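Trainee: Structure in structure tokens, see below.
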Amino acid sequence: MTTITITRPDDWHIHLRDGAQLKDTVRDISRYMGRAIVMPNLVPPAIDTETALTYYDRIKAQVPAGSQFEPLMVLYLTDKTSPDEIRKAKASGKIVAAKLYPAGATTNSDSGVTELKNIYPALEAMQEVGMLFLVHGEVTDSSIDIFDRERVFIENILSKIVADFPELKIVLEHITTKDAVDFVTQASDNVAATITAHHLLYNRNHMLAGGIRPHFYCLPILKRNTHQQALLAAAASGSKKFFLGTDSAPHAKDKKEAACGCAGSYTAHAAIELYAEAFESVNALDKLEAFASFNGPDFYNLPRNADTITLVKKPWNVPATYPLGDTNVVPIRAGEAIDWQVE
């Protein structure tokens, strides 16, 4: 039986939701992740320090007994985010980053940024105090094809931010294209990226060929196979610029299986197991630990986790659904096998 032991991993991008759903999402991700960067796109969003810290308390209240899981909080940037709010958030010790959602780009992003210049004072403060800048890298112009929105964002927006704020640490989140891989690789050491398990394992054929599979529908959308291969190569390259971020984003079953379904794929039930499959597919299990456990904390200037987990190559069948508050979520690989499990 094949086993691998790695330093306990972290998730550098997750959606835990709120209310009744929180106990289920926290239960799933805290099983083996030491920390997680928690997205602030709630309703209403966590646009100030106080809101983010009360959300932190709600998450901590759901952490199972015996778990050392620690949520790392994020401020939701708006056109009105002030430099003082950035300094206050940084001083809290619990808010480690602020997030750019272009208005309308993804779930609960309606309060997001409408003009880049509106957040320049906040970005200057972030650069000054050492707060990380997390980016959902898609334009929202309806005339731009949905498969091109990441590339156009990089060309027209991100390249300018990187040039204007050379000392700002930036994470381009959930990258999905070779264009993003190339940009991050060629940028300074202050630019990094997270990659999801589902973008490593799947491409748009899995979502669209032979019938529409709504549980693969996420934003940024799955791209063609050539982009998937570029992501796999980047993750397995050993580069310190790429690290684990699940972007696990639960929606109720009826919100996904609908005439106008929500964007988001749920992977918190088996995140590291799915990443192990992806790395094994390119004969790179020896690179998994750095990607999952080292590169993220190193980029955030946080200590690596001190303990370990052991993965065993032993297939198990994923349930058709998991509980999600007063409803259910259909996870990635529902009703099918995953090759790895945590011992």
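Cβ from N, Cα, C; glycine included.
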Trainee: For the Zn(2+) 2 site that Swiss-Prot assigns to H136, H174, which of K94, K99, K117 is also named?
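Mentor: Site partner of H136, H174 for Zn(2+) 2, according to Swiss-Prot: K99.
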Trainee: D247, D254, D286, D298: which one does Swiss-Prot list with H13, H15, K99 for the Zn(2+) 1 site?
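Mentor: Answer per Swiss-Prot: D247.
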Trainee: What is the interatomic distance between the Cα atoms of N41 (substrate binding site) and H174 (Zn(2+) 2 binding site), given in whole Å?
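Mentor: Just about 15 Å between their Cα atoms.
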Trainee: When you rank K99, H174, D247 by Cα distance to L16 (substrate binding site), which of the binding-site residues ends up on top as the closest?
Mentor: D247
Trainee: Return the member of H136, H174, L219, H251, A263 nearest to H13 (Zn(2+) 1 binding site) in space, with distance defined Cα to Cα and candidates limited to these binding-site residues.
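Mentor: Smallest Cα separation from H13 (Zn(2+) 1 binding site) among H136, H174, L219, H251, A263: H174.
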Trainee: Counting other Cβ atoms within 10 Å of each Cβ, which of the binding-site residues L16, L219, A263 scores lowest?
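Mentor: Selected from the binding-site residues L16, L219, A263 on minimum Cβ neighbours within 10 Å: A263.
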Trainee: Under DSSP, is K99 (Zn(2+) 1 binding site) helix, strand or coil?
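Mentor: Once the DSSP labels are grouped into three classes, K99 (Zn(2+) 1 binding site) ends up as strand.
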